[in-house]
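Annotation comment: Swiss-Prot describes 23-345 as domain 'Protein kinase', evidence class sequence analysis. What Swiss-Prot lists as ATP binding site is Ile29, Gly30, Arg31, Gly32, Thr33, Tyr34, Gly35, Leu36, Val37, Lys57. Among the features that Swiss-Prot reports, active site, proton acceptor is placed at Asp155, with the record citing sequence analysis. Annotation comment: Swiss-Prot describes 403-483, 543-612 as region 'Disordered'. For 403-455, 472-483, 543-555, 564-573, 600-612, the entry in Swiss-Prot reads compositional bias 'Low complexity'.
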Amino acid sequence: MIDENFKKKLAVSRERVEDLFYFENSKEIGRGTYGLVYKAVPKHSNGRFPNKEYALKMIEGQGFSMSACREIALFRELRHPNLICLQRVFLTNEKKVWLLLDYAEHDLWHVIKHHRTAKTKKVPIMVPRNMVKNILFQILSGMHYLHSNWVLHRDLKPANILLMGDGGPDMRGRVKIADLGFSRIFANPLKPMAELDPVVVTFWYRAPELLLGAKHYTKAIDVWAIGCIFAELLTAEPLFFCKEEDIKAQNPYHYDQVKRIFHLLGYPSDTDWPDMKKMPDHQRLLNDARNEGTPIQTFPNSLQRYFDKWKINSQSSPYRLLVKLLTVDPLKRVSCEEAMNDIYFRKMERPPRETDDVFNRYPIPYAKKEQQITIPIDQFQQQQQQQQQQQQQQQQQQQQQQQQQMQQPQIGPPQMMGQPQMGQPQMGQPQMGQPQMGQPQMGQPQMVPSQMGQPPMGGPHPGVVAPDGHAHQMMQQQHQSQHHMQYQQMHDSMQGGMDDGGPQAKMMRMGNVPVGRYGPMGPPYGPQDFHAPQGPPMMQMMPQPGPSGYYQQRPGQPPGPGPQGYMNPQMGMTMGMRPQGVPQQAYMPGRGMPPPQGPNPQQQQQWQQYHR
C-alpha cells in the first residue's frame, strides 16, 4: 500500500498537461485505436521541451488499460527512424493518460485522398512513382524492424502511416509508422492470437487467412496490408474496397471482403494455398457463395486486367513486387526484408534510404491536418445541434400548417400560401377561364416560372396544401428524401471509390450531388427518357440552380432542383418539372387531373371544372 501522504505530495508535484502545453483551439487532428490526438506547442521555452509542435494523444477511459500499457511499453523500447517517437507520458490527477509524440503534418490517407479528388475532377495527378518507391521502402524498413523484434503491428492502413512536413530539415518528408494500440509480441505466445484479439486490421487491409478465421497468424498479415497500401498508392483507390457494415463484429470473417479478394486474385487452387481448406470459415464461405448463387470457386485471376487501366504492365517491377506482397498463402508471402531487396528498388539511380525526403525537396502540395479541420470540436458540435434544432422547428411548422389546412373545408383547389382565394383575383393573377402558367396562348409571351418558390429536394412546396388524404404521403416523401441525402453523405464519405472512381467520383462528375440509391440514376448515367424535354419547346422549364450542393446545370442533364432518380408514380414526370402554382399530387402531364386517391367525388368534380 502506498502511503496517503506520499500520494498527496505526488498529486501536488505532478505536472499537468494543461500547464505545459497550448492546445491549438482544442482541435482533434486524429484518432488512434484507443484515443484522440491533439496538436500542442510548449508554453515555456525553458529547454525541457524544444519549441516545436507535438502530438498529444489522450487515452480514452480511466487509468491504464492493457492496450495503453502495451503501446507505452513498445514505444519506450523501440527506436527506429521510421517509427513515431514517444517523448513522455503524463498521468493526471483525474486518472487520464496522455502520450507526448512527435507531430507529423500529413498522413497517407489525406495524400491518397488528395490525388483521388484530383482524378475525379478529371485532372489526373497521380502520386509520383519515385515518391511511391520511397514511401514503400520506408514502410518496409520500419516494419522489418518491428518484425525483427517480434512485434506485429496488426493495424496497418494509410491513416497510420504519417509523413513529416516542414518542421525540421532533418525530418522533412520522412515516413513514420504510428498507432501501436493493436500491436503484440508474437514470440512464443501463451495463447493463439485469435483468442486474444479476434478482430484485427481494418477490413480493406485484412489478410485472407484472418478473414477465414485463422487461429494462429504471423507477420505475413502486416505484409498483406503493406501490399494493399502499395496498390492504393499506385492507383489512388483502395484495391479491395468493400462495405463495412459490420465493422464492430466479433468475428473476423467477412464474406463480401473475401469475395472481393478472390474476384481480383482468383480462387486459390490446392497448389496456390494448400491449407485454405483447413481454415475454420472455409466451409462457411462456400455455403454463403452457394446461397448467393455466386460461382466463387470459378473466379479467375483478374488483377492484371485491373491494373491495365492504370497503365501498369504485368511485366513491370512494381506489379511483380505487388504480386509477391499479395500472395494468398501466408507461407509463400514475401517478407519485409525480401521485399526491400527486390529489383523494384535496385533499379533506382541510388538505393533508397530510410531517412530520405519522400518529397525530394519539392514544395509539399498537401494540406496540413489542422487546415482540414477548420473549426474547433466544441464549435462544430454546437453548429450541429443548432442545425438539428432548426430542422425540428421547420418540421413542426410544416406539420402544423398541414394540420390546419386539413381541418379547414376546401371548396376549390388547393391554393398557394399568400395567394388570393377563388373569386378574389388580384392584378396580374389569372382568373377562371384564363390561361394558367405554363399554358401560353397564341400571341401571348411565354411565362417562365420564377426560380424562387421551387420545391427543395424535389418534394412538395411548403406552401402547397395537399388534397385530403395525401398530407401524410407528402410528409413521408419529404422525410424519405432527407433520409436518403443524410445516408448517402454519411456512407459515401467513408468510401474511397473503386474502379470508375466509386460513388464519390460519380457524385463529382454529376455536380457533387448525392444520387438516390433506390431509384434509376439520372442521365447521362441512366435512362434517356428522363432526359427528354418535358412538354412543347415553348413550355420547357428553365434550369433551376437550387441550393448549394445541388446540381450545377450542364448539357445532358434535366433541369430542376430535385434529386435525380426519384419518380412520382402519380405524376409521370421528374419531380421539380411541374408548372408553378399547381400542387405536386394533383398534376398530370397534359391536363391537371386529380390523384387516384384522396378527394371525395364532389371535390373531384370541382377539380375537373377548375382545370378545364
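The backbone N, Cα and C atoms fix where each Cβ goes, glycine too.
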Counting across all protein chains present, how many other Cβ atoms fall within 10 Å of the Cβ of Val37 (ATP binding site)?
20
Average pLDDT across the domain 'Protein kinase' (23-345), rounded to a whole number:
86
Distance [Cα-Cα, Å, rounded] between Gly35 (ATP binding site) and Asp155 (active site, proton acceptor):
15
Give me the Cα-Cα distance between the residue listed as 'active site, proton acceptor' and Val37 (ATP binding site), rounded to a whole Å.
17
